[in-house]
Amino acid sequence: MAEEAKTRGNAAFSAGDYATAVEHFTDAIALSPTNHVLYSNRSAAHASLHHYADALKDAKKTVELKPDWSKGYSRLGAAHLGLHQIQDAISAYKKGLEIDPNNEGLKSGLADAQAAASRNRAAPPPSLFGNVFSGPEMWTKLTADPSTRMYLQQPDFVKMMQDIQKNPNNLNLYLKDQRVMQAIGVLLNVKLGGPNSGDDMEIPEETFTPQSSASERKEDKKMEEEKVAEPEPMEEVTGEEKEAKERKAQAVKEKELGNAAYKKKEFEKAIEHYTKATELDDEDISYLTNRAAVYLETGKYDECIKDCDKAVERGRELRSDFKMIARALTRKGTALVKMAACSRDYEPAIETFQKALTEHRNPDTLKKLNEAEKAKKDLEQQEYFDPKLAEEEREKGNESFKQQKYPEAVKHYSESLRRNPKDPKTYSNRAACYTKLGALPEGLKDAEMCIELDPTFSKGYTRKGAVQFFMKEYDKALETYQEGLKHDPRNQELLDGVRRCVEQLNKASRGDLSPEELKERQAKGMQDPEIQNILSDPVMRQVLVDFQENPKSAQEHTKNPMVMSKIQKLVQAGIVQMR
């Protein structure tokens, strides 16, 4: 299973679908958590997505599991380099080259890291505000602060902030805009204006102009010191803000009451409390997902799905935690599974679980997805079940077999088994086809399934014995025919099979095999685990020595039926010859 997931991951990586590759490698790691190659592959996929922190974590795990594997250090160096940890990258590449001095990948990586180190030494100092505008944290802070939240509804402001985020040096272009100044204050956690500052207030350009004279800068510094000494006025809280805070606090209390009612299985009360919470505060989607959980518990699946859809939609508007959105999707998928009445009904549930996993890779969601896929497959098989159509396909297969159209017969028999997978006769017929086509392993598998479904069906034993005979496993074929005779003692096919096997086995006992036949039989016998166990048994090795060198002891051994049974197996395999 881990190898299959790894193969899928490699295929996705080769196709440039790095996110899917990460998912498959993660599944493989869950099945084989000590396989260093899997961590190495996932590290490469993370690095291709520029998720260098995750790539570094996997690279470190690779080196931990396999310290003498040079590729692990190549992954480690690449991750450090992506995080601009230049000296760590150089150290990793050098460590790898100590293990494999001729590795071109490590040499190339070291050269890149050293070049980056040279560039860093010559690079100008970073922008003063550069880190403030990086990453999604900027938008989170602006959304959370009441003074800047309204600006995010204004396209020109969003465009300016995106431009600054791309290149912090563009900040000077927008310093005249009071909204940008307000945003800088929020991002730096400082107050850039007085309590009465508004949209009509203009910030002098000289305040942030680097060309200001020394005297001006000195004066500015003096003014700043004076401002620090002044007591800062208390921030005024508007009635609206106060009311909003009170509503949020009340919503949290309603949620707690809903949780308590849910634990007591007072579901109607829980719904009432969660509903009040959503009415008081529509910016917390947990109230919706909690109410959806109650609907799910009480079997109101349509209401559950509506709440989950609303939670996902609102969550995306608010840029809520991806785990919360994943929870809503998982809950919706669970409701869809509960409502499923046929195999097709599982398709939207499976799709919903897959969406949830793209938001957050949760083991519980993955388990639910696997269960839904299995249930869909089982239902498809049940819906396809039709003994009447299966019998029609079997008859078509019989006609093709009589006409020696064996591949066509196999096709009809296979369709028959899809319609009715519990019919031993069809397995027997397909086994005969495979034998004619020389596909002996497939024929043996079908014959064994035939016997498993109906141990009294003699045809199963004749099919299995015939396959084993063609595979020149005469001792095993003999056992199969003899087992069949226990259920049908007068069956002529089974009796003929026993006779043919005995003839072949006697040829080996009499030494009538040609050198080529003997060599072939010995080679096949040495591959048999039972023969290997006999030859590796110290007692049997001594018995064989006694047969060659000590006739008196050999005579005693012949009285032991277990020893003689093993000797007979070695004779039949051509390993030992009795003279």
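Even glycines carry a Cβ here, placed using N, Cα and C.
Because TrEMBL annotations are produced automatically, they should be read as predictions rather than curated entries.
The annotation compositional bias 'Basic and acidic residues' is assigned in TrEMBL to 215-230 (among others).
Listed by sequence, the residues of this chain that lie at least six past the ends of the compositional bias 'Basic and acidic residues' (239-248) yet keep a Cβ under 8 A from its Cβ atoms are 146, 280-281, 284. Residues or ranges marked as compositional bias 'Basic and acidic residues' in TrEMBL: 239-248 (among others).
Sequence-remote contacts of a segment are chain residues at least 6 beyond its ends whose Cβ falls under 8 Å from one of its Cβ atoms, and for the compositional bias 'Basic and acidic residues' (380-399) they are 342-343, 409-413, 415-421, 423, 425-426, 429-430, 433. The compositional bias 'Basic and acidic residues' annotation in TrEMBL covers 380-399 (among others).
Within the same chain, residues 381, 384-387, 389-391, 393-394, 396-398, 400-401, 433-434, 437, 449-451, 453-454, 457, 459-460 sit at least 6 positions outside the compositional bias 'Basic and acidic residues' (408-425) and bring their C-beta atoms closer than 8 Å to a C-beta of that stretch. The annotation compositional bias 'Basic and acidic residues' is assigned in TrEMBL to 408-425 (among others).
DSSP assignment over the domain 'STI1' (135-174) gives 35 helix, 0 strand, 5 coil. The domain 'STI1' annotation in TrEMBL covers 135-174 (among others).
Summarising the annotation, TrEMBL assigns domain 'STI1' to 528-567 (among others). Residues of the domain 'STI1' (528-567) grouped by DSSP class, helix first, strand second and coil last, total 34 helix, 0 strand, 6 coil.
Among the features that TrEMBL reports, region 'Disordered' is placed at 194-248 (among others).
Marked as region 'Disordered' by TrEMBL: 380-427 (among others).
Per TrEMBL, repeat 'TPR' is recorded for 2-35 (among others). If you look at the repeat 'TPR' (2-35), the same-chain residues 6 or more away from its ends with a CB under 8 A from one of its CBs are 41-42, 44-46, 48-49, 65, 357-358, 361, 363, 366.
According to TrEMBL, the repeat 'TPR' annotation covers 70-103 (among others). Tertiary proximity for the repeat 'TPR' (70-103) is limited to same-chain residues at least six positions away from its ends with a CB under 8 Å from its CB atoms, namely 36, 40, 43-44, 46-47, 50, 52-53, 55-56, 58-60, 62-63, 109-110, 112-114, 116-117, 120.
If you look up TrEMBL, you'll see 251-284 (among others) marked as repeat 'TPR'. Beyond its flanks by at least six residues, the repeat 'TPR' (251-284) meets 290-291, 293-295, 297-298, 314, 318 of its own chain at Cβ-Cβ distances under 8 Å.
Taking H, G and I as helix, E and B as strand and the rest as coil, DSSP gives the repeat 'TPR' (390-423) the counts 27 helix, 0 strand, 7 coil. Annotated repeat 'TPR' per TrEMBL: 390-423 (among others), in sequence order.
Here the repeat 'TPR' (458-491) has Cβ contacts under 8 Å with residues 424-425, 427-428, 431-432, 435, 440, 443-444, 446-448, 450-451, 497-498, 500-502, 504-505, 520-521, 524, 528, 569, 572-573 of the same chain, all six or more residues outside its ends. Marked as repeat 'TPR' by TrEMBL: 458-491 (among others).
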Within the repeat 'TPR' (70-103), residues counted as helix, strand or coil by DSSP: 27 helix, 0 strand, 7 coil
